[in-house]
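So that you can see what the record holds, here are the features copied from TrEMBL:
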- 6-29: transmembrane segment (TRANSMEM)
- 50-72: transmembrane segment (TRANSMEM)
- 92-113: transmembrane segment (TRANSMEM)
- 97-215: domain 'Fatty acid hydroxylase' (DOMAIN)
Amino acid sequence: MLRSPYFPVLFSITVYLSFCLPFVVLDVLSPRVALIRRYKIQQKTSVSWTMMWSCLALSLYNHAMYIFPLSVLHWYWRPVSYPAMAPGLLRVIWDLAACLLLFDFQYFVWHLLHHKVPWLYRTFHKVHHKYTSTFALATEYSGAWEILSLGFFAAVNPMLLGVHPMTEMLFHMLNMWLSVEDHCGYDLPWATHRLVPFGLYGGAPHHDVHHQKFKS
């Protein structure tokens, strides 16, 4: 199964939806449950079923039209091979940190350009800013260029850094979790930005404010 050309796209959509599901439950309950609503960043807003279905439909479309064909082509170009020995724990942590930091730098530059250059924003990135109040399923509400370019960075970096295939899978899972959490719309007590010291990681509150500043 791990060596199948279909595995990457199944892995991607399954992990993504699994990470979104708990926040979808919160979105459904928050209008009626005050305990949940108190953690919602924009408490006066709510997420409708129409909004969620729209985001889910676009995500499934992008996976079917772009990620799936590229995953199959990538498999034929570079079939997955698993080394006999798994890396040690310290090596896994080091490689994960390297992959995350490299992707974060690339995303920072990409994101900055797509906000500073009006044509890039209007043509490509504006789609992602349709919703000014973030929610988990809006994480992948993006056009083809955004999906493909950021996906390219995420796919190529582990190859450039020469990490073990299992470490690469962990990187993709962690990267997806951080992205979903950034868009979840909740400031939860155990959120990643509360665990990282000195305010180095803005997390969901920072990203929610960013989405509120929608530019037409």
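Every residue gets a Cβ built from N, Cα and C, even glycine.
Automated prediction, rather than curation, is the source of TrEMBL annotations.
Summarised by DSSP class, the composition of the domain 'Fatty acid hydroxylase' (97-215) is 89 helix, 1 strand, 29 coil.
Mean predicted confidence for the domain 'Fatty acid hydroxylase' (97-215): the pLDDT average there is 94.
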